[in-house]
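Notes follow once the structure below has been shown.
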């Protein structure tokens with residue numbers, strides 16, 4: 001998955 | 001990671017620990033809305049689907065596990081623990097929280113950043129979290145006498161999202177492509193729902209009187 005897909009906040 | 005987000009996560013963690021502490025030590029859930037706790041368990045279950053697929057950091061994974069385990073164990077305590085369940089006031093906790101789930105899901109189908117299962121579930125969890133506190137706020141209005149731990153729980157829960165708003169502002173100005181309107185708007189709506197509670201919480205703290213919400 002490209003970076004933008006991943007949600008890094010809880 | 002910035003200080004606002006870390007403070008937000010710690011405040012969120014504190015709210016859950018205050019609630020678990022209350023339920024575990026005094027074996028009571030008086031004044032706590034089971035409906036809100038069920039909605040929060042659903043929020044975490046639908047938001048952390050990527051728990052095993054996308055590894056971001058140890059912190060991220062650890063916090064997700066803590067939120068999942070704590071939210072589901074709170075629901076278990078209130079529903080099944082032989083002593084705690086007796087203090088659950090189901091006649092007062094009557095908010096039709098299922099009526100919140102469907103609109104949030106439909107909205108997530110229509111307004112999302114990407115039409116994939118994971119993204120729609122994530123967006124659904126954002127919308128649901130924005131309104132998950134409603135059963136609890138309604139219950140507080142009804143029961144009027146708010147014990148300290150419950151008041152602190154709701155206060156910390158509202159404060160965490162306010163800190164997240166500062167985090168979004170900080171990231172917007174420091175990270176060039178950081179734009180998430182859906183997150184920002186739903187987070188803002190969530191915080192606004194706490195506004196009147198904050199007002200009365202602050203008044204009671206300032207005048208050093210017991211926290212009471214107007215009927």
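The backbone N, Cα and C atoms fix where each Cβ goes, glycine too.
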Of B:21-40, B:121-140, which span is tagged transmembrane segment by TrEMBL?
B:121-140
Pairs of Cβ atoms less than 8 Å apart decide it: which stretch in B:98-115, B:152-170, B:182-202 has the most with the transmembrane segment (B:121-140)?
B:182-202
